[in-house]
Every structure is written in C-alpha cells, then in structure tokens.
Amino acid sequence: MIPEHAKRKNEHLSLAEKFYDQTHHQHPFDQVRLLPNALPETAVADVKPAIKIGRLHMQWPFYFEAMTGGSDQAKKVNTALARVAQKTGLAMATGSLSITFKLPQFNDSFKTVRKINPDGIVIANLGANVTVEQAQQAIDLLHADALEIHLNSTQEIVMPEGERSFRWAANIKKLIQHLDVPIIVKEVGFGMTKENLTSLKKLGVSLVNISGRGGTNFVKIEDRRNHDASFADLYQWGLTTPESLFEAQMVKDLTVIASGGITCPLDVIKAGVMGAQAVGVAGYFLHEYYQNGEDGLLQTVLNWQEELKRIMTILGCQHFNDLPQVSHVYGADLQNYIQQRL
Ligand code: FNR
C-alpha cells in the first residue's frame, strides 16, 4: 500500500504530464515580441550565461524548478533530473519537503539530488506554514543552497484535504529572520501582483518567483484528483507569467525570478527582457523526461544552453542582465492589461 501523501506526489507527476499538451494551446509569451537587432556587435564566444541571484551563483539563467520528492516514482524522477543538472551545470529545486516530516521513509527521494550533485546548486522547497526548525531540517537534509517557500492558496483550496486558512505573512517574516540560506518566495503557477510583492518586501523578502499561469495548472491537476467537485470555473485563474513580470516591474529593489509556461530558450530570454533575473522550468522538462527519457532531457538542456547563447548574441547581449535593454512590443491583450494596471 502506498501512503496517501506519497500517492498524491505520484498523481501530481502523472497528471502534470497528462495535461501537458492541453496547457500549451495559449502561450502567454506570444504576447511579447522582441525587436531584431541588425547590428549586434557581439559574438557567441563572448556571451557569458552565468548569473547571480542574491548570494546564489548559477552557471545558467534557467534551472529545474520545484517538482517532486516523497515517493518511489519521485525518487526516479529526481535522480534523473539531478544527473542532468550535474552534467549541464543547471541549478535544481526539489519539490516540497514537507512530506519528510510525515513519511521519512521517502527521504532518499530528496537526498539523491544532493548525492548525485555534491557541488551543484540545490534548492529546498516548503510551504509557508512550517516552523523554523522544520525549515532547517529540510535545508540540512539536502545541504541546500537556498530555500523556496511556496504560496499555493489556489491549489490548496481546490484540494478536498487542502488548507483552508492562509495566514502566512508573520511566519514568512520569522523564517527570513532565523534562517541563514537565501529564501525565495514563490507562487506555483497563478502569478503575483505588485501589491503582493510590496507586502512581501515589507516582510523582508528580497527574492521572489512570480510563477505565473501558462504552464502547469494546479487547479486542473487537483480537480482531477478529486473526481467529485469541479473547479472548472477556476481553470483560467491567475496572472500569466508576462503579466506578473509586468507587475514586478512596478516594485523596486526585488530580485525577480520567473516561472510558469517556459517552453523554449526564447521564452527564457523574453522573461529576462521583462526583468526576470533567473528562470525556472518545471512542466516542460518533466514532459521531455517522460517522452524521451533522461538522455532526451539531457540533449534538450544542452540544446537550450547553446540556443540561449545564440539568441542573446543576435540581440547584442553578452550578459543575461543586459536583456531589459532589448526593445520589445506587447500584443493587444497584454497591452490592455498593462494599461489598466498602470
Ligand atoms: C510543481 N510545482 C511545485 N512548486 C512548489 O513550490 N512546490 C512543489 O512541491 C511543487 N510540485 C510540483 C509538482 C509537479 C509535478 C509540477 C509540474 C510542478 C510548481 C512548479 O514549481 C512551478 O511553479 C509551476 O509548475 C509552473 O511552472 P511550469 O511547470 O509551467 O514550468
């Protein structure tokens, strides 16, 4: 018998894959067009893809975003992701470690990530209601370089067994005050507003991942797990990733990471143009792994790395943080959104 929590982790993996194709008919990054540069005055050899996020040094501006851990299947996926991360120099976040407080028999499904990649950047992940001691325990388990705290009220509210009370702010402040590693506060695919980001900043948060709509959709995933209540009315809930990045532009002095619906190197670059200083990719790489195995995923990451450098070259950008200088125009929907939010 698989314990209930571990079963849930397996269902997240299989349902993310099941819904993968359906989620990509509408691609919010089509609303962002970059203008070409006929006179780039640079060369691929001069592009330096490494970035710095707060105290974190990453070799590449994109990384494996939080997905899994806490079951035998999750261990298999994390092991493959970690091996690819190790070979390609990508940073990697694990899925939420809260399951380790209930089912420590699956701790190996997380530990494998650090074992395979002793020198890589590994990021732990937890919900916003954990104690300082629990957070430290999760960080220690992975020897994590950073901790992501996820804000997932939309996901929880759709789950029959989910949380119904969302008073998180005071605890986030406490975690930031008491933990030594950098803390990234992230959404899980519904985006964040400038008001949210301003509130987080007041709590002492300096790193955020706005994780917007456009990729993995946790309303659909949890709704399918329920089999009874239908939350179809919430399938379009949330801000897209470009909309959220625009929100973040209105808040100064925050380091912004993007995720949600990133499906190609050009999306990574468009997120950079809109102000993201790093980019997380979850569903797309999971899909690649399920379709083409670990070797297919490895080849895809290598292709992305090369293509990213080439596109940066034709834009005349040698560093990822040069990208906000790139001229761009917005499609009608995104422009309409922006006008109403200014
Ligand atoms: C996730 N995501 C996630 N996020 C988080 O903070 N903690 C978690 O445990 C999980 N678990 C998880 C499982 C699976 C199977 C997927 C696909 C995703 C959310 C993820 O980190 C990201 O925010 C969203 O998926 C949006 O990015 P993509 O998938 O559109 O690239």
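Every residue gets a Cβ built from N, Cα and C, even glycine.
Heads up, TrEMBL stuff is auto-annotated, nobody curated it.
For the FMN site that TrEMBL gives as ALA66, MET67, THR68, SER96, LYS186, SER211, THR216, ALA282, GLY283, the extra residue drawn from ASN37, ASN117, ASN125 is ASN125. Around the Cβ of ALA282 (FMN binding site), a 10 Å sphere holds 24 further Cβ atoms from the protein chains shown. Site extent for FMN: among the recorded binding residues ALA66, MET67, THR68, SER96, ASN125, LYS186, SER211, THR216, ALA282, GLY283, the largest C-alpha separation is 17 Å. For ASN125 (FMN binding site) paired with LYS9 (substrate binding site), the C-alpha to C-alpha distance reads 14 Å. It is 16 Å from the Cα atom of THR68 (FMN binding site) to that of GLN155 (substrate binding site).
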